[in-house]
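Working notes, beginning with the structure itself.
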Amino acid sequence: MNFIKASILRYQLGSLLLLVLLLAVVLPLSLDIFRLNLVGKYLTYAFVAVGLVMVWGYGGVLSLGQGVFFGIGGYAMAMFLKLEASDPITTKIQSTPGIPDFMDWNQITELPALWLPFKSLPLSLALVVLAPMALAWLVSFAMFKRRVGGVYFAIITQAVALICTVLIIGQQGYTGGVNGMTDLKTMLGWDTRTDGAKYILYYVCVGLLVASILLCRFIQTSKLGTLLLAMRDKEDRVRFSGYDVSNFKVFIFCLAAGLSGIGGAMFALQVGFMSPSFVGIVPSIEMVIFCAVGGRMSLVGAVYGALLVNAGKTLFSESFPDLWLFLMAGLFIGVTMAFPMGLAGLWDEKIKPWWKGRRQALREAAVQPPPAMPMTPAAPVVSPEPHLPEGVGSQRA
């Protein structure tokens, strides 16, 4: 058993190292800064996909509203950046200098109290994680304590996504409305639009993503990970064993929300804006597709899924602007039907067994002795005729 666990750990560590090599070395050396910035944007969605592996793949709880937590983290960072961009000197042409431009357009004359904590970078960074987790705790505690799960929980998360989208759009004077928060250029006076800043933000995103994967992997290999799998398969048995199943579900759902918030914050930093189009039902379902394509049981596979789907979206929209939606639908349907467990399942169920069988066959062929050479029958021994003296034969005749 220990040997099996060690083999699995080596395999997972190897796949993570390959991912780090791809993200930290191969892509920065092979792509220009524009394409690399796009990859950084794709990696922000990978935070959501990694969280979905934990809450859906391991916890058995399907959430169709992860875009809400992604958006909350993004808006928390965007509010800090927007306040920095709205200093009195820059906004002196407004009727009320020192506040964001969309507030001035809506006749708001002073900064709302909700915005005051976002004047501080440490508080803003804390709220990037804590605000999504607080909403996740509120929703999940109310639902899981009443044993609401399955499709009902998925529908409720969709409703939360719709409510938050309507709320953000409706409160235009406080959130920027449908346009969102734009023109986010600097952080503490540091211009985030330069090539050097884009490289730094890309590597920060990669580092945070790898740290998130390691954290989730630690949870998976702990007793909590075993309980999550047991809850997913036989929830009643875990409950009858004396565990409060709802507490574990609340914890893992809040963890996924916190990871999504980090992804949203990195999105706002790298892209330079945040809008309600990343909060609603459609982006939330797309985030589930990232996880499904990569493999809902694989942390590394979820990252590849986010990269593949978003790269396909960019490629199809550039090359086939009239057909790219149909091509994306074909990609989703084809991958889901051909590989029910995602790309990671393709490796685990097809490629890996084939490779092991091939290695085993080669190993057995090397151990077996060569076949013995067939022995040729010996030639018959012909005895020479006896030598008779001369004249003996003639006398007999």
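Positions of Cβ are set from backbone N, Cα and C atoms, glycine also.
TrEMBL labels come from automatic prediction, so no person has curated them.
Pulled from TrEMBL:
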- 121-144: transmembrane segment (TRANSMEM)
- 151-174: transmembrane segment (TRANSMEM)
- 200-229: transmembrane segment (TRANSMEM)
- 250-275: transmembrane segment (TRANSMEM)
- 287-311: transmembrane segment (TRANSMEM)
- 323-347: transmembrane segment (TRANSMEM)
- 366-397: region 'Disordered' (REGION)
- 375-384: compositional bias 'Low complexity' (COMPBIAS)
* To do: Check the transmembrane segment (323-347) against each of 121-144, 151-174, 200-229, 250-275, 287-311 and return whichever range has the most CB pairs under 8 Å.
  => 287-311
* Asked: Where among 121-144, 200-229, 250-275 do we find the most Cβ pairs under 8 Å to the transmembrane segment (287-311)?
  -> 200-229
* Structure fact -> Spatial neighbours of the transmembrane segment (250-275) not adjacent in sequence (6+ beyond its ends, CB under 8 Å) are 37, 40-41, 43-48, 50-52, 54-55, 58-59, 61, 63, 66, 69-78, 81, 125, 128-133, 135-137, 139-141, 144, 176, 178-185, 187, 192-193, 198, 201-202, 204-205, 208, 212, 216, 219, 224, 228
